[in-house]
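Q: Would you mind keeping the following structure in view while I ask a few things?
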């Protein structure tokens, strides 16, 4: 049987028939609420207290205390993806048990953070039952993810469900086939139980849209969960899903992971199949979107990335590099790290700088070397080029989609377009930007090789430590700065996040930079500086 290959170019969205975008949004949000069984609904007083408009509260622990999950279900949902797969494969847990537990917790998570766009527990439980039957009949798991519930970001096609990219004009777009990632996951025994929120356009570091509303951070609902994979980040932090195949073109995997205390990996773009991944501008290939996991452990990130790696999954999409997975042992020799504390454009908040220094010190104590570095190019210029390559047509595709439903552009999207004077590029200008991108890659490669002259090992540095975000957290409707993440997208370098689980912001150790004078490259440094509020101990 021939295997169909999906490409981004083959995917088109069906415009919604013209009606009020407000009415469509009400219908959309009600559809998610109505999909939650009555037995899984929280009391209204708990839900209203979590509303961002009421002031921020911590909701991440409510699933443990709300009474909707029994002791066994809480125990199941507190385990990592790796642990769950091992227990299901051994027959100690059934996929139905695990799926039901995560469906209940996902329902609770959505009611508290508004993180879902689609919820289909009956479909998920039917899949789980089939997997249990397969294991019972054959004695073999379906695959490396046997029975594992997995949430899917709104921009991935899941057959029979909506793919909207948070555009009202795409609300009626029902996928007729699974995206490449979903096909891979199903083949390996994963159970898809929901789809998650993202911002309008997918180009904001928060997750808000007219269609699905605002997603909140489960650790403080007055703060954003990051974006564009913010629904994934919030849901996984709430343990309504153990893992997700998020996507990233400027920080969309890493910022949500950082804001929600998760591990993540953004591989180089062509390592992971991305066919069936929606985009307003699929012909824009200067900076490619990357697909990778957010999860609760390094082991989970490794397991998941190995499963979705382009080899042997290149049959699902032509535009990937079918490079085999390589198992590498932990190095026994001394390692060298570059410490990148600031890009010279936006000063990271004091706790972030302290976290980097403390991490560096721990590496030194462990016998490794850490050397300060600066990137070999102007980081503001790099960001300007990146933004031009993001919107080569002046965001005309986005504006056209918005116009189909009379949908206003979200303020955060408008702010970014205006800040970088976004307009259609001429062919000459586009060629110049692509040439500059190539130059950045050459400069970075030369710089990295040259670090061998500064290390005691005589080898180039093994990795770079740096901020994911300039801000510890961000309030809703405050434009985010992506310079610390998008630089690795224009270079197409792999990058990830590692949470510091025991790190706490401290009033004494992290005083605000009172005398600091923000840079004037753009508006972001002053905004980030004024956002900094160190809590009293």
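Here the Cβ of each residue, glycine as well, is placed from N, Cα and C on the backbone.
Keep in mind it's a predicted model, so treat the numbers as computed, not measured.
So TrEMBL has the following annotated:
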ACT_SITE  153  active site, charge relay system
ACT_SITE  228  active site, charge relay system
ACT_SITE  252  active site, acyl-ester intermediate
DOMAIN    98-502  domain 'Amidase'
Q: Sort residue 228 (active site, charge relay system) into helix, strand or coil using the DSSP assignment.
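A: DSSP call for residue 228 (active site, charge relay system): coil, neither helix nor strand.
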Q: Rounded to an integer, what is the Cα-Cα distance in Å between residue 153 (active site, charge relay system) and the residue listed as 'active site, acyl-ester intermediate'?
A: 11
Q: Distance between residue 228 (active site, charge relay system) and residue 252 (active site, acyl-ester intermediate) at the Cα atoms, whole Å?
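A: That separation, Cα to Cα, works out to 5 Å.
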Q: For residue 153 (active site, charge relay system), just give me the three-state DSSP call.
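A: The three-state answer is strand.
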Q: May I ask which residues of the same chain, at least 6 positions away in sequence, place their Cβ under 8 angstroms from the Cβ of residue 252 (active site, acyl-ester intermediate)?
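A: When sequence neighbours closer than 6 are ignored, residue 252 (active site, acyl-ester intermediate) has 198, 202, 205, 226, 227, 228, 229, 246 within Cβ distance under 8 Å.
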Q: If I take every residue in the domain 'Amidase' (98-502) and average their pLDDT values, what number comes out?
A: 97
Q: In the three-state scheme derived from DSSP, which category covers residue 252 (active site, acyl-ester intermediate)?
A: coil
